[in-house]
Amino acid sequence: MVWSWILSLKNHDWVLNGASCVVICIGLLSLFSAGTDQFYKQIIWIFLGGILFLIVSSLDYRIFSAHFFPALALYLVSVLGIVAVDLVGITVRGSERWIDTGLFLIEPVEPLKIALILILAKYFSVRNREVHKARNVIVPVIYFFIPAFLVFLQPDLGSLIVLFGIWLGMVIVAGTKIRHSFVIVLGGISLSVIAWLFFLYDYQKERIISFLNPSLDPLGSSYNAIQSVITVSSGGLWGKGLGQGTQSQLGFLPEATTDFIYAAIVEEMGIIVGCLIIVLFCVIVWRLCRIALRARSNFARIAVFGVALLIAIQAGFNIGMVVGILPITGLTLPLMSYGGSSMVTICVALGIAQSVHRNSYVEYEKTVIALE
């Protein structure tokens, strides 16, 4: 049994595995340079994430498509976790997102991202012939709106953007008519205006305004964005060297191991490594899209596209905010930023994608043998 499991690893997409491992190693190198115990804690999270990745990738993804309960259970547990945050959660940097277990912090919104991907993929795969009908978009709206509203109340604008991007992308990929998608986007814009007028906190409005004009409050709401851009631009082509970053090591750059780890990496390792990271994320998303396009079921195709959207949106927004082309949203960089919830979530998501790739490869081999 163990030997057959080891042999099944050859059916993995090793370009995807390789790109993911390099990204993780660069992130670890930056955490080591920071000289904190976060480096050793992150190794533990990577080890746990790696085990879950191997377990999930060895499963047949069709257990999620054949049975609704696993996806629904994960969805409900994640939503209840977000509700629990309001009751027993702790506040960090003005946001109440975490539950303190005594040993580590849990961020329930992270597994919710996988739950949303699986539950939407299951829903659309069952109704793939009727998804063009407007009424069949109502249930996915409910699946999105309930956790999105709770996340908004925390407030966690970054995760809300990721959840909306995943939901909208999967709705479109599933085959929803363009006019229905347009109505959805229009509704999202309308809700954004209402949120700005009645629901957004002052600090969230200040972040957006400071993004449009950083000079308005350089020592206040614009401080993080300005310091991030300074950090990135000070690294030069080859960087200042590990442990030699003045911005990141001396405390000028906030959250140098989490939200702004990309800036710390570019400062110490240079623009060359910064560009390499972008290329690696592009490779990861490309391989995920490739797996989705070659998937042999509608569920698998939609689910893996959801994983690609998760990584693309989160990495894109994080790097965008670090270099100053997007407002600060508090999103971490997948596989690189310090944090267990995010690391484990992305590893499980990649495990689902590899399960689809492995089983699609086996099915293809069986088809070829049958034809011969």
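Cβ atoms are placed via backbone N, Cα and C, with glycine included.
Quick look at what TrEMBL lists:
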| type | residues | note |
| --- | --- | --- |
| TRANSMEM | 14-33 | transmembrane segment |
| TRANSMEM | 39-56 | transmembrane segment |
| TRANSMEM | 68-90 | transmembrane segment |
| TRANSMEM | 136-153 | transmembrane segment |
| TRANSMEM | 159-175 | transmembrane segment |
| TRANSMEM | 182-201 | transmembrane segment |
| TRANSMEM | 260-286 | transmembrane segment |
| TRANSMEM | 298-329 | transmembrane segment |
| TRANSMEM | 335-353 | transmembrane segment |
Stretch among 14-33, 39-56, 68-90, 136-153, 298-329 sharing the most Cβ pairs under 8 Å with the transmembrane segment (159-175): 298-329
Cβ pairs under 8 Å between the transmembrane segment (39-56) and the transmembrane segment (68-90), at least three: no
Seg_contact(the transmembrane segment (260-286), the transmembrane segment (136-153)) with at least 3 CB pairs under 8 angstroms, min sep 6: no
Outside the transmembrane segment (298-329), six or more residues from its ends: residues with CB under 8 Å to it: 61-62, 64-65, 113, 116-118, 120-122, 124-125, 128, 157-158, 161-162, 165-166, 169-170, 173-174, 207-208, 210-211, 214, 224-225, 228-229, 232, 259-260, 262-263, 277-278, 281, 284-285, 288-289, 291-292, 337, 346, 349-350, 352-353, 356, 359-360
Cβ-Cβ under 8 Å with the transmembrane segment (68-90): same-chain residues at least 6 beyond its ends: 96-100, 105-106, 108-109, 111-112, 114-116, 118-119, 121-122, 143, 146-147, 150-151, 153-154
